[in-house]
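Reading through the structure tokens given below for one structure.
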Amino acid sequence: MQELIKRTLPQDDALNQAIVNELRSQNWAGFLNYSQVQQLCHNFELTPLKLAMHLLPLAASYSHTAISHFNVGAIAIGEQGDFYFGANQEFANSAIQQTIHAEQSAISHAWLRNERRISDMVVNYTPCGHCRQFMNELHGAEKISIHLPHSQNNPLHSYLPDAFGPKDLDIAAHLLAEENHDLVADHQDDLVNQAILAANQSHCPYSNSPHGIAILFKNGDVVTGRYAENAAFNPSLPALQTALNFAYLNDKKLSDIERIVMAEKALKLSHKTMAETLLSTLTSVELEYYSL
């Protein structure tokens, strides 16, 4: 990742050098907190939006696009000014529905870092309909601004007029809000407990079938993922995808996976088979499944 980032950001530029130094200090995690953003903006006389635009090729470098070879980068800006990178993640030898879009990537990245509200989405290509619908699930969706290289300060709902969303199904819950499904993490295995805790934070008001993923890497690091459901159903994002996406954006190698645990309360639907199918194309490590 280090060399890819350096190729993306030519190191004969002082701003690029400063960005690389920030990323190096955090092991190449695709994230800049508010303080880092403000320092870069101050040092190089930039607005946060101009900095985000400059960072789009960098965000896109986190993509995995074995199918399309079309890299999309996105940056979700949290309400306190943190920058969450996102990139499209494709999975060869699996169903195309397993794909993670760049805006989904950035939002789920923010969610797993416990962001509660997105104010702006900066992306290098116009959001597709799938992503517009996914963003409409967010708390405060009507206030989100979309920024493209050729057009800034566009309300999300200008891309999604007469929008269908949670309110049409009498659902008050929104993605990124605090969730609690009363799932108890009392297993003897800590990795199972982490999967249960992730499931407990799922956003699944339509099926009430939460599930979570916990991935243990060989160095002892653990990455978790939560299920993000959508009013339109198909733009929903399973927990395995949110976990894999977070791993990619934090420079984790799937070859270093040691264990993968899934905890699920399958009331109306289950993601077990879908997760096993995708994992079989990525790793020889088998899914450990726990029914809640």
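Here, residue 1 is simply the first one shown, and the rest follow in order.
The backbone N, Cα and C atoms fix where each Cβ goes, and this holds for glycine too.
Swiss-Prot lists 47-167 with the feature domain 'CMP/dCMP-type deaminase 1', giving sequence analysis as the kind of evidence. Regional average pLDDT for the domain 'CMP/dCMP-type deaminase 1' (47-167) in the model is 98.
According to Swiss-Prot, the feature substrate binding site maps to ASN88, GLN89, GLU90, an assignment based on sequence analysis. Around the Cβ of ASN88 (substrate binding site), the number of neighbouring Cβ atoms within 10 Å comes to 26. Classification of ASN88 (substrate binding site) by DSSP places it in coil, neither helical nor stranded.
If you look up Swiss-Prot, you'll see HIS101, CYS128, CYS131 marked as Zn(2+) binding site, on the strength of sequence analysis. Taken residue by residue with DSSP, HIS101 (Zn(2+) binding site) is part of neither helix nor strand, so it is coil. Neighbour list (HIS101 (Zn(2+) binding site), Cβ cut-off 8 Å, at least 6 residues apart, same chain): VAL72, ASN88, CYS128, HIS130, CYS131, PHE134.
Per Swiss-Prot, the feature active site, proton donor maps to GLU103; the stated evidence is sequence analysis.
What Swiss-Prot lists as domain 'CMP/dCMP-type deaminase 2' is 186-292, and the listing cites sequence analysis.
Note on the domain 'CMP/dCMP-type deaminase 1' (47-167): DSSP counts are 43 helix, 30 strand, 48 coil.
Recorded residues GLN89 (substrate binding site) and GLU103 (active site, proton donor) have their alpha carbons 11 Å apart, per Cα-Cα distance.
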